[in-house]
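To start, the structure under review is shown below, and the notes come after it.
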């Protein structure tokens, strides 16, 4: 399957809603429901310790601010969702999703309940509604992101062996909600967050105008445009300098016009940020993503790999945030079903692309010098997120935004030193060379 790139571009809208990399804990008085999660499929006492503290575990005060953050998140979606500069498209484009066979249901009631029992929490959408529309893309995507969250959390908790995920389920007054899972200060992971969000409502007139400016003709009814946005996102910061940071995000968005016509698209990506370069790890990560992409077309991986290298560029440093991966947005072809299958395949590649690398290095010995370099590289991670990530910038400059949610993608610790430069031909200099000149890792 061929793939074509056109004009349009990045994904600030989703991070504006989710607080960058889906870390939003939007709030209403009903959303302070944090708990320590026992992973699905486990029973009895666990050797890990629960983390029932920190901003994710507190309710009570500040609910007015949290409600404002929810509204700011919607404003973020409206203002940023449609400011793209690039677009992904798999061609040829068909007229839409395949029609389901008469009487066919993706899940019967018992099977749906079984699937949901493996999630970190019950779905945002009520089960009766999911059963009512089994072939609707909103149902398929919500179940997929819930499964992805559970799979990633289960894998990370197993690797850590000490800390549990705190599960924070929140509801959005205007419609929808989400589940934020956080593991912090564990044995292996300094900070790991895996979050899903399913929100819906009406786009503002400002958002509609920005979307029209992008070339989409939208017909409003009573000045309203119903929308649905959902996705899963994660950022993972291990403690060991030889275990890399990883981020992924997969999302779906649709807007319904007055005449019933729906505009829809998918976006997402997965990227790796090592402190020290390990050629074998880089090849494994990129090869796993390439194998996922190749199931849907031989031209997809190289285009999305380049898009990732270009997006995660720290201009003032002249280097990338990491060694890349894949990145795409506004994917609306060749059909809704095929685009969904592609996104699902990519999401399924998250655990096999990353967890073996963490297992390999989580117990590596390291020196104070290694840890210092990790902290300096974490500083670069912070610089990109605060200075260049559109969703983060929008949230920080939006009155009433929930800062804890916006900054949750940042590591617990980072460092800056004046005029720091690693010795020539050192292992620190080796990673800088790759960050300044991206490599082809799979050929």
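Each residue, glycine too, has its Cβ placed from N, Cα and C.
Per Swiss-Prot, active site, proton donor is recorded for 247, and the stated evidence type is similarity to another entry.
Counting every protein chain shown, 30 other Cβ atoms lie within 10 Å of the Cβ of residue 233 (coproporphyrinogen III binding site). For 233, 249, 250, 251, 400, 401, 402, the entry in Swiss-Prot reads coproporphyrinogen III binding site, with the evidence type similarity to another entry.
For 101, the entry in Swiss-Prot reads phosphoserine, with the evidence type similarity to another entry.
Annotation source Swiss-Prot lists N6-succinyllysine at 393, citing a large-scale study or a structure entry. For residue 393 (N6-succinyllysine), the number of other Cβ atoms no farther than 10 Å from its own Cβ, over all displayed protein chains, is 19.
Sequence annotations record features per position, and here Swiss-Prot assigns region 'Disordered' to 89-112.
Mapped onto three states, the DSSP output places residue 316 (site 'Important for dimerization') in coil. Sequence annotations record features per position, and here Swiss-Prot assigns site 'Important for dimerization' to 316 based on similarity to another entry.
Feature annotation from Swiss-Prot assigns transit peptide to 1-98.
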So among 233, 316, 393, all listed as recorded positions, which is physically nearest to residue 247 (active site, proton donor)? Use the C-alpha atoms.
233
Distance [Cα-Cα, Å, rounded] between residue 393 (N6-succinyllysine) and residue 250 (coproporphyrinogen III binding site)
20
Integer Å distance between the CA atoms belonging to residue 316 (site 'Important for dimerization') and residue 249 (coproporphyrinogen III binding site)
25
If you count Cβ atoms within 10 Å of the Cβ of residue 316 (site 'Important for dimerization'), leaving out that atom itself, what do you get?
8
Between residue 251 (coproporphyrinogen III binding site) and residue 316 (site 'Important for dimerization'), find the distance joining the two CA atoms and give it rounded to the nearest Å.
29
